[in-house]
Amino acid sequence: MQVEIIKYVQTIISPFWDTFFQLVTMTGEESFYIIAAAIIFWCVNKKFGYKLGFALLTSTIANIILKDMINAARPIGVTGIRSLRIETATGQSFPSGHTQGATTFWISCIIKVKRKWIYIVGILAIILVSISRLYLGLHYPRDVIGGIVIGIICVIISNYIFDYAEETKKAWVLMIIIVPTLIGMILFREKTYYTIAGTVLGFFIGYILESRYVLYEVRSSILKQLMKLVFGLAILVTLKGMLKVILPLNIFSDFLRYVVIGLWITVGAPCIFKKFIR
């Protein structure tokens, strides 16, 4: 039944749909979330940027752990199924990381904005990313359904922990997510886990430093918002590429690289914005 559903979705195969669904599935990948979270944090709503960031990181860690525990095979190579963008299919099949990430991102936005248009856009985006994983032959239907359910659960849990930490002024409560993540580096010695663990640590340290010492204000003129975006994203891309060249090619370097990226988004860029782009 699972295979037949994929085959049915793939009956519409054409160059147009190949391009369309590859573009759709890219909205469920790391680069999209890093850029989106940075834009929200720098230019829209700082608190929501933090909350969204922690939700996405929590969801990604949960996804990696569940994939390793369940160890379900992907449909890649199954007779009658064509697979595209195989290079993005890291880890095992269940749950779908792209679908879970899209669900986490858009459900977080829906909860925050509470407007009709965001419900429509968010739900449509989740559905399209889910279909893209089937069309590209990278997941079974059970994987995308599991990704949606687990994504929603991660948002609920992460938001509860973050809101409690904010309301009680007890940032250490976030260690409930951070400590197990860092301990997990002993068990999950793979690049994806180390990059996420690095981002988690950088994001948390940045959250503490920014909240206590920088106190960055998001509000600014449209021109200055554009300046922040151009400068902030340019440095972000430069850091990501430069550190990859400078540091040795191993998972510990990946961890360190993403610690720096997490710090740049949460405290480095805001500090510069506050001083030079008011």
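Any Cβ shown, glycine's included, is placed from N, Cα and C.
Lifted from TrEMBL, the feature list:
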| type | residues | note |
| --- | --- | --- |
| DOMAIN | 48-159 | domain 'Phosphatidic acid phosphatase type 2/haloperoxidase' |
| TRANSMEM | 20-42 | transmembrane segment |
| TRANSMEM | 117-138 | transmembrane segment |
| TRANSMEM | 144-162 | transmembrane segment |
| TRANSMEM | 171-187 | transmembrane segment |
| TRANSMEM | 193-209 | transmembrane segment |
| TRANSMEM | 229-249 | transmembrane segment |
| TRANSMEM | 255-273 | transmembrane segment |
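Segment contact is absent for the transmembrane segment (20-42) and the transmembrane segment (144-162), given fewer than three CB pairs below 8 angstroms at sequence separation of 6 or more.
Stretch with the most C-beta contacts under 8 angstroms to the transmembrane segment (229-249), considering only 117-138, 171-187, 193-209, 255-273: 255-273. With pairs at least 6 apart in sequence, the transmembrane segment (117-138) and the transmembrane segment (171-187) have fewer than 3 Cβ pairs within the 8 Å limit; the two do not touch. Within its own chain, the transmembrane segment (193-209) is flanked in space by residues 30, 50, 53-54, 57, 60-61, 64, 171, 174, 177-178, 181-182, 184-185, 251-252, 254-268, which lie at least six positions past its ends and keep a Cβ under 8 Å from the stretch. DSSP assignment over the domain 'Phosphatidic acid phosphatase type 2/haloperoxidase' (48-159) gives 82 helix, 0 strand, 30 coil.
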